[in-house]
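Reading through the structure tokens given below for one structure.
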Amino acid sequence: MDLLQSYGDKSDEEDGEESRREEGEGKGKGGGEAEEAAASPDSDSSSSPPRVLPAKSAAPRVDDTALALATAGTSCSLHRPIDPGQHAVAFNPTYDQLWAPIYGPAHPFSKDGVPQGMRNHKLGFVEDASIQPFLFDEQYNTFHKYGYAADPSGIDYVGDLDTLERNQALSVYNIPQQEQKRRRIQMKAAPAEEDPDTAAAPDPDTDVDNPASEEWILKNRKSPWAGKKEVVQGELTEEQKKYAEEHAAKKAEKERGGEGRGDRVEHVDKSTFHGKEERDYQGRSWLAPPKDAKAANDHCYIPKRWVHTWSGHTKGVAAIRFFPKHGHLLLSAGMDSKVKIWDVFNSGKCMRTYMGHSKAVRDICFSNDGTKFLSAGYDKHIKYWDTETGKVISTFSTGKIPYVMKLNPDEDKQNILLAGMSDKKIVQWDMNSGEITQEYDQHLGAVNTITFVDNNRRFVTSSDDKSLRVWEFGIPVVIKYISEPHMHSMPSIALHPNSNWLAAQSLDNQILIYSTKERFQLNKKKRFAGHIVADVLPLMSGGVGLPAWRMRFALKMKRNLVLHYSLRQSSMSSFCLRNNLTTSCSSADHNKKSKVIVISGPTGAGKSRLALEIAKKLDGEIISADSVQVYRGLDIGSAKPSVTDRREVPHHLIDILHPSEDYSAGKFFEDARKATQDILGKGRVPIVAGGTGLYLRWYIYGKPAVPKASTEITSEVCSELMDLQRNGQWDAAVDLVVKAGDPKAWFFPENNWYRLRRSLEIIRSSGSPPSAFSVPYDSFREQLDLRLSGFSSVNGSSDLNNLQENPAKDLDYEFICLFLSSPRVALYRSIDLRCEEMLMDPEGLLSEASWLLDIGLHPNINSATRAIGYRQAMEYLLSCREQGGKSSPEEFYAFLYEFQKASRNFAKRQMTWFRNELIYNWLDASQPFEKVIDFICNAYHDQSWELAVPESLKMKKDNNGHQETSELKSYRTKNKLFIGDHDCHHVLNWIRRTQAAISSMIGDEECYNCLDQASFNNALRKKSFLAYFMSLLSMGYVVLVSN
């Protein structure tokens, strides 16, 4: 109540006047009393209380108004200081208090607090702000013209809100084009209403096409700052008018897409039907697929043979597209400005020709159902055709050349067209309305490809700017930009069937694989190279040939297809050349071919045993592809099948020659092919088993046409090499052959006199080295499929000439080629044990080597004596004979070590050879034998084209891992049979007993009856006796032949 009572009904001004009046009265009264007290010092002090006079201060009074309110008559602040950070004051300060001067030092660098100064103003509150001059002028001029402007303290507007709503918040600087056009029309209409003569005058701002007209001169000679009414300062002369007319004609022709020659020819959209009738007796259109055609292709085969050629275009073919789903029709775009559609299944003839482009057709694209298609030409037009009737539904153009076009694959978006243009843009049309709905303009070069990914929600584009860009469909913003300094332009991109990968043909002669996942990352493990010319076909592309790759096997080429030798470089996604369309097929008649199983592997891998078991299951016969098993008497060292096995399963090309005769790859080809025909004639399965790589290569791919040498040339060559061979001058003989014309003779195995002699015979007979008659193996290229062959790469112009001289031909049989191997360490241990087993019985390998020496053969003089095992054994027995049949255990173990080492090295060379023979599928010999047999039998009965080896049976044929490499480096032979000196006593005793009485040195007059009558007749029949006779004479032997 006291607080309420203290408040009265008087206003603040009245209260202030009363307080000032009372204060003045108090001052006057107090002053009189003080003077009276001072004048009467003798007055009684006890009559009144003592008075204290106010103290005098010499310091100036400082007003602290900004911090606290000062009460009049006091020198200190009675109120609590004001917080500078608060936004409200609990009292009403007066003007004098707010604008009183501030005393005291100020910090020169401080921007906050009291030194910043007061921001209050008589008209408001002063606040610093930073704004760009353009934005300020925009709002300033907008406010003065329209009466509204943007509120700088927020997102609202201030001023005339009705005008704001009517103008849609436009400023003076962002008037839309439609509004500007409307205002120009109004400005032009205003003078026309006032003065009709002025309206009839030409407007310099209108578009004028004829440079010879005065209007064109008026428009183009007018300065941007000049007025609208500018008179022509002079007339053109006749020469200038003539020149201007010619220039206008050329410009108009160029804009229409012509070449500026002659008058423009109007191109009428039309088509011609070439079939018998457009509908059959049942009313079905010629476009309908055949009843026996499947709606999907379950397997994709590599082309194997030339099937058909469609001829009709007068110029080159730029692109081809199969009819969707069924592929019974083929659409082709020609450089002769025509589009043709061909029948594939039945007649193979042209069904309809579409004519509407004035220049070459660049690209074509079917709709999902194939009833319509698009064509893009160099005349800058995109035409939408009805496939059945040949009518043009609509035409689109931006005035630029369309390089690629794609329809959105979604069924509900088949009206959306995307076209990559030469002006770096991707234009999106709505074909229903004919309007451009979107433009994607981030590329810096002409757009080459458009590929939809991620369920058609995104698409990838490539350009001449050497970059890949990923877009969200309908949003012109790049979500992924791929560009590296080492990248080249990618003129063709194909999508994997599972939509997870993109194959891009790069112009640096390789195919790159990109993921279509979120990151769109390059798969560096899958890089396909092998082109001579940077062509454009993903997974089927090349220079002179078309190497086809299988993506599932990284870095492996399937086949090189030579369709035409003059492959042109272009950016079209087709391999059609010249004026024809050429197609190849691999599944048309491959089932008619007979199947042949080829089993190979390194020595000691168990291929002979595997071939035997498969022959029992499939009722087959075995053809040996071993260069040593052809010789009689060499059973243990060549690991021939036993007599029981040979009775159970017939074997061919075993024990057909005497060890003194030579055997070549050409002879094996003839004998093996004849045996194959005999086996197939019996209705049985031919199984070729062996490890001689050259034999198998010739058997699969064919024999080169090497000319036969005459008897005179053979005698001449033997006489030239006889003295060199007798004296052991191998280097001199090689130099003789190299000078004759075969530089590869330097790489022949040492003391291979037969090969050296044969090379010299071929040079003397034909004038060319043997390499000129090599097998057409290079023409088959690299083939990962079992029925096709392999090759690593094309290496130069010489290989190109070889490809042209030896074009690829079809294989004679359907080969199922398998390579049996095991991990290297396990294989080496098996080889070491096998060598020990061959020597454990003295009547084995050593006995056969001793027999070779007894018939007059020396080590390393022919195929039999060069064989691994026999050469080392013969050299070891010769040293024993020189010592009178004596040998120490150390010498025997040294011979065993050399035998094992040579066998391991030979196995390594075999694996290296067959690693490049990509026709083979590698099987792991360490897996259960029954699983391997079942897999091969199932593969033989399988009618499909493709052979898929299970992962459990696959054997890696590439480089070894780190662990296996370390094991190979630390590998040491650990014998299991010959461990100590006592283990070889029985072998040394046999040597002492059998070799002591035989002298290793043969006198010049000693005679050997080397051939009996049957062997002699066989040698004459095979025309090999002369070569063998010359070889014996060259070593100083005398050969007696008895009747």
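A Cβ is built for glycine as well, from the same backbone N, Cα and C atoms used for every other residue.
What TrEMBL annotates here:
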type	residues	note
COMPBIAS	18-32	compositional bias 'Basic and acidic residues'
COMPBIAS	37-50	compositional bias 'Low complexity'
REGION	1-60	region 'Disordered'
REGION	175-211	region 'Disordered'
REGION	245-265	region 'Disordered'
REPEAT	310-344	repeat 'WD'
REPEAT	354-395	repeat 'WD'
REPEAT	440-472	repeat 'WD'
TRANSMEM	1025-1042	transmembrane segment
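Taking Cβ pairs closer than 8 Å, the repeat 'WD' (354-395) reaches residues 257-258, 265, 267-273, 278, 285-287, 315, 318-319, 321, 323-325, 329, 331-341, 401-407, 409, 411, 414, 417, 419, 431, 434, 572 in its own chain, all 6 or more past its ends. Across the repeat 'WD' (440-472), the prediction's mean pLDDT works out to 91. Here the repeat 'WD' (310-344) is broken down by DSSP into helix, strand and coil counts: 0 helix, 20 strand, 15 coil. Secondary structure of the repeat 'WD' (354-395), assigned with DSSP and counted as helix (H, G, I), strand (E, B) and coil, comes to 0 helix, 23 strand, 19 coil.
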